[in-house]
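In TrEMBL this protein carries:
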- Glu353: active site, proton donor (ACT_SITE)
- His384: active site (ACT_SITE)
- Lys512: active site (ACT_SITE)
- 529-548: region 'Disordered' (REGION)
Amino acid sequence: MSCRSQLASWQALQTSANKMKEIHLKDLFANDSTRFEQFSTQIPGVLFDYSKQLIDNNVVTQLISLAQECDIATWRDKMFSGEKINITEDRAVLHTALRNRNESSLVVDNENVSSVVNAELQKIKLFVNKVRSGQWLGYTGKAVKDVVSIGVGGSNLGPQMATEALKSYADDTLKVHYVSNVDGVQIASVLKEIDPETTLFVISSKTFTTSETMTNAKTAVAWFLESANDKQAIAKHFVAVSTNLEKTAAFGIADENVFTMWDWVGGRFSLWSAIGLPIALYLGFEAFEAVLDGAFEVDEHFKTAEFQENIPLLMALLSVWNTSFLGFDSQAILPYDQALHMLPAYLQQGEMESNGKHVNFAGNTVPYTTVPIIWGMTGINGQHAFYQCLHQGNVVVPADFIASIKPQINVGEHHDILLSNFFAQTEAMMMGVDAQQVRADLTAKGKTEAEITQLLNHKIHQGNRPTTSMLLDTVDAKTVGRLIALYEHKIFCQGIILAICSFDQWGVELGKGLASKIEAELLDDSVTHPHDSSTNGLMSYYKQRRAQ
Ligand code: F6P
C-alpha cells in the first residue's frame with residue numbers, strides 16, 4: 001500500500017490547503033449566505049454544524065474523495081463483521097457488537113458474539129437489579145449503599161464520564177466512587193467516606209495486571225478485612241470485570257463474581273461492556289440500555305449515511321484536514337454543558353491512545369502529522385482560562401463546541417446565558433475584530449489618537465479560528481451513547497484515512513516496564529541505579545529524604 005500522501009485526493013487537498021491559507025472565514029460567510037444550510041446536518045438528537053470550519057465545497061468534495069480512495073466503506077464493513085483489523089494484535093474490533101440492539105447474529109472465531117454479549121448483559125441486569133433492590137446483602141446482612149469502581153484508563157474514564165454526565169438522573173439508591181490513580185490520597189479519601197458493611201467494590205481491568213489497579217484493589221481488600229476479618233466475606237463485597245479469569249481467581253474473586261469482556265473490546269472502547277457496570281449500578285440497568293441504544297443508532301447512521309451526511313466521517317475528515325493539511329496541531333473539546341465536563345478527558349484517551357502513532361499499517365513512518373493533541377474543559381470555564389490564547393494567540397486551535405437545547409435542570413435564565421456564550425464564542429472566533437472595528441470602538445469610547453495608536457494592535461482579534469458546533473437535544477442516557485459512538489467512529493475513520501492502526505497501544509509499554517524496574521529499585525536502599533544522571537539523581541534525592 002502506497003503512502004496516503006501519494007493519493008491523488010491527498011495531493012489535491014495539499015493544493016487546496018495552500019489556497020485556503022489565503023482566505024478568511026468571514027469572507028466565505030460574506031460571499032455565501034447559505035453556508036449553514038450547506039455545511040450542517042442532523043441525526044435524531046444531534047445537529048452538527050461544521051460551516052465555521054475552513055472549508056468550501058471544493059475542499060469537502062476532495063475530502064470525500066480521500067475517504068473513498070482510502071476505502072472507508074470496506075474498512076467499516078470489516079470492523080462491523082469482526083475481521084481482525086487490529087493488525088498488530090491480530091484481533092477483531094467489535095465494541096459495536098456490545099450494543100448490537102437488533103441482535104443480528106455475528107460469529108467470530110467460531111464464537112457466536114451476539115449470544116455471548118447478550119448472555120453477559122443478562123448477567124449484568126440480574127446483578128444490578130439484585131444490588132439496587134437491596135437483595136444483594138453484605139457480610140452483616142446489610143444492603144449495598146456505596147459502589148467503588150477501581151480501574152484506570154478505559155476501565156475508568158468511560159464509566160466515570162458517563163455517570164458524571166447523567167448524575168442529574170440518579171436516584172439515591174447508591175453512591176458511586178472512582179479510584180483510578182495509584183496516588184494513595186485518592187483511595188484514602190474514598191475509604192474515609194464508606195462503610196465496609198455496605199460497600200461493593202468493582203475491580204475493572206481487562207488484563208487484571210495493571211499495576212495501579214492491582215495496588216488499589218489490594219489496599220481495598222486489606223481495608224475491608226480489617227473490619228470483616230473473614231476472607232469468606234470478600235465474595236459479598238468484591239466483583240471483577242476482566243478477560244483474565246486466572247488472575248481474578250488468584251486475586252480471590254470467585255468466577256461467578258467475574259463479569260467477562262473479550263479481547264476484541266479495546267479498553268478505551270469498553271464502557272458498553274461490563275466495564276460499564278458502575279453506570280448500570282448507579283443509574284439503573286434501563287439507563288445503561290439507553291446508552292447502548294443511543295450508540296446503536298449512531299452505528300446504523302455510520303453504516304448507512306451517505307458520506308456527505310455521515311457525521312463521524314465528516315468529523316474525521318475535518319480533523320485530518322485541520323491537522324495533516326492546515327497544520328493545526330491540537331483540537332479543543334469545549335462542552336457548554338456541565339454534565340459533559342469529563343468528555344475532554346475521555347476523548348484524550350480515545351483519540352490520542354488510538355491515533356497517537358507515527359507508523360502506518362506497513363510499519364513505515366508517515367510523513368504527516370497524525371493525531372492532534374486533544375484537550376479542553378467546559379467552555380465557560382475555558383473562557384476565563386485559555387480563551388485569550390484561542391482568540392489572540394499565534395497558534396490556531398480548531399475546537400468542537402458542544403451544547404444542549406434542553407438543560408438537565410432548568411435554573412432561571414442560566415441556560416440562555418450559557419447558550420449565548422456558546423453562540424457568541426464561535427462567531428467571535430470566526431469573525432475576529434479588525435483594525436477598523438477596533439478604531440471605531442475606541443473612538444466611540446472617546447480615546448485620543450495617541451491612545452488609539454497605542455492600543456489598536458493589542459485589541460485586534462485575527463478571527464479565522466475554525467470550530468464545529470454540536471447542538472444536542474439534551475444530555476440524557478441515549479444522547480451520551482450517541483455522542484460517544486460518534487467520536488468512536490470518528491477515531492476509526494481518522495485511523496483508516498491516516499493508515500494507522502487505531503486499536504493497539506504499544507506506546508504505553510516502555511513507561512510501564514521502566515516503572516516496574518524502578519519500583520523494585522526504590523525498595524532497595526542502595527543509592528546507585530543503572531539510569532541516566534538525572535533519573536539517578538532524582539531517585540537518590542527522593543530516597544535520602546523520604547525517610548526524614
Ligand atoms: O493505558 C494503557 C491501557 O492498557 C489502556 O489501553 C487501558 O484502558 C488501561 O491501560 C487499563 O488497562 P486494564 O483495563 O487492562 O487494567
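Just so it is clear, glycine is given a Cβ too, placed from its N, Cα and C backbone atoms.
TrEMBL annotations: computationally assigned, not manually curated.
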* **Cβ packing number for His384 (active site), 10 Å threshold** => 8
* **DSSP-derived helix, strand and coil totals, residue by residue, for the region 'Disordered' (529-548)** => 14 helix, 0 strand, 6 coil
* Structure fact -> Taking only the CA atoms, the spacing between His384 (active site) and Glu353 (active site, proton donor), expressed in whole angstrom, is 29
* Sorted by position, what residues of the same chain at least six away from Glu353 (active site, proton donor) have a C-beta under 8 A from it? -> Gly153, Arg268, Gln505, Gly507, Val508
* **DSSP three-state assignment for His384 (active site)** => coil
* Under 8 Å Cβ to Cβ from Lys512 (active site), same chain, six or more residues apart: give me those in sequence order, or none if nothing qualifies. => Ser211
* **Secondary structure at Lys512 (active site), reduced by DSSP to three states** => helix
